[in-house]
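TrEMBL annotations:
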type     : residues : note
COMPBIAS : 1-11     : compositional bias 'Acidic residues'
REGION   : 1-35     : region 'Disordered'
COMPBIAS : 15-25    : compositional bias 'Low complexity'
DOMAIN   : 49-176   : domain 'MARVEL'
TRANSMEM : 49-72    : transmembrane segment
TRANSMEM : 84-107   : transmembrane segment
TRANSMEM : 127-144  : transmembrane segment
TRANSMEM : 151-172  : transmembrane segment
Amino acid sequence: MRGGEELDGFEGEASSTSMISGASSPYQPTTEPVSQRRGLAGLRCDPDYLRGALGCLKVAQVILALIAFICIETIMECSPCEGLYFFEFVSCSAFVVTGVLLILFSLNLHMRIPQINWNLTDLVNTGLSTFFFFIASIVLAALNHKTGAEIAAVIFGFLATAVYAVNTFLAVQKWRVSIRQQSANDYIRARTESRDVDGRPEIQRLDTEIMTSNRWLKVKTLSRPRAAD
């Protein structure tokens, strides 16, 4: 019995000691849920992006590319089929790539991959989609058989071209602004680093010693007599 009472007393002292040490320790456990810090949990749609010009254009591009792809898929017979296959490839590729970018931008997933220049990526996608949609629509308009599905595909192809062209113009402006901001940030960072160096006398003393040593070596090299021929 005495051994059991001593064991209970030891456990009580240990628990109280752990509580006191935990309360006084500066390293407290975080209250942030683990599910919000790992994986794709806690994702939220960005309504401001979807309401903006770029978001609306992205949604329109996805819808138009999908409708154009559906129209071209309803055609059962073609001769020649090269224009139809090319339009099918362009509309499907534009739908997939633009849809992925829309998901990344609307959920702010691109912020988790800062290594990629997303402004330039969007510019390249919209520029290529504008060019290839325009060429595919012209080719399909020249080689179609005047069926309803082909005419609808051509119409939606040109509409998608116009929307992608507007997005390309806005993407160019946004890319230029990002380049200017990056240049300004680099300049501010360089100025800050130079001020930090100027404010440290030991670094200034080291620079002076290095410059003096380089001058002494230069003078010694010039004063050395040349060997006789």
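Using N, Cα and C of the backbone, Cβ positions are placed for all residues, glycine too.
Keep in mind the model is a prediction, meaning the values are calculated, not measured.
Away from its own ends, the transmembrane segment (49-72) comes close to residues 84, 87-88, 91-92, 94-95, 98-99, 101-102, 105-106, 122, 129, 140, 149-150, 152-153, 156-157, 159-160, 163-164, 166-167, 170-171, 174 of its chain (Cβ-Cβ under 8 Å, at least six residues beyond either end). The DSSP breakdown of the domain 'MARVEL' (49-176), given as helix, strand and coil counts, is 108 helix, 0 strand, 20 coil.
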